[in-house]
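K.L.:
Relevant sequence annotations retrieved from Swiss-Prot are reproduced here:
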ACT_SITE  Asp74  active site, proton acceptor
BINDING   Thr13, His14, Asn15, Thr16, Gly17, Lys18, Ser75, Phe163, Gly164, Phe165, Asp166, Lys186, His199, Arg200  substrate binding site
BINDING   Asp74  Mg(2+) binding site
Amino acid sequence: MRSIASKKLVIATHNTGKLHEITTLVAPFGLEIQSAKELDLPEPKETGVTFEENAYIKAFAAAKNTGLPALSDDSGLEVDALGGAPGVYTADWALQSDGTRNFSKAMQKIEDELQKIGAHEKSQRKARFISVICIAWSDAYADYFRGSVEGTFIWPPRGDKGFGFDPIFLPDGYENTFGEMSTEQKHGWKLNDKTPLSHRARAFKLLAENLLTLS
């Protein structure tokens, strides 16, 4: 694995919610952060069929354009009763004809699909969030870190915190959805200490323990 020697890192996302979460996770490590949106970098087409492939596409595009190491997250929701859908295509389920994303409609779409197959009980709605974080360099080298969290797709949505599908995801062992949790509840962790709750924080913890040092 390759360390981030320059202490400079590009966050390869134009998603405001995701950028906020990643920036919060990176903060203790004293890195100079810039986002793809700030740098006005183009958004590459996510043509991969795995989370790893799409994470690499985004990270390498930013690294190639800037000459700096770039971090990208590709994440999604897998619902067992739907054969793992929406999975790697999670963001596409929210895509509208004008190019924007409407996650309220996407959550409703999942609920409609579950109703169609008669998946009404909590036991029939097992789901998980998956996050793959990729750090890529301009020479095409990359490291990958995967995190996941098991839970249940619940309806109706609850909470207005977080972003995306957070209001419909109830993690196992908890009474609050991700949409009802504070940032600390969802992402809090310490190096070489407890396992964080969220999929993204779990992936980032692996990255930090392998590539980063506290500032």
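One-based numbering along the chain as shown.
Cβ from N, Cα, C; glycine included.
Context for these features, please: burial, neighbours, distances.
P.N.:
Cβ neighbours of Asp74 (active site, proton acceptor) (same chain, under 8 Å, six or more residues apart in sequence): Glu46, Gly48, Phe51, Glu52, Asn54, Ala55, Lys58, Val88, Ser131, Val132, Cys134.
Annotation for Gly17 (substrate binding site): same-chain Cβ neighbours under 8 Å, separated by at least 6 residues, are Gly162, Phe163, Gly164.
In the three-state DSSP scheme, Asp74 (active site, proton acceptor) falls into the strand class.
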K.L.:
Just going by other Cβ atoms within 10 Å, which of the binding-site residues Asn15, Ser75 has the emptiest spot?
P.N.:
Asn15
K.L.:
Please give the greatest C-alpha separation between any two of the substrate-binding residues Thr13, His14, Asn15, Thr16, Gly17, Lys18, Ser75, Phe163, Gly164, Phe165, Asp166, Lys186, His199, Arg200, in angstrom, as a whole number.
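P.N.:
That value is 22 Å for the farthest Cα pair.
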K.L.:
Just counting, how many other CB atoms are there within 10 A of the CB of Gly164 (substrate binding site)?
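P.N.:
There are 23 such Cβ atoms around Gly164 (substrate binding site).
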K.L.:
Identify which of the binding-site residues Thr13, Asp166, His199 has its Cβ surrounded by the largest number of other Cβ atoms within 10 Å, counting every protein chain shown.
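P.N.:
That would be His199, with the most Cβ atoms nearby.
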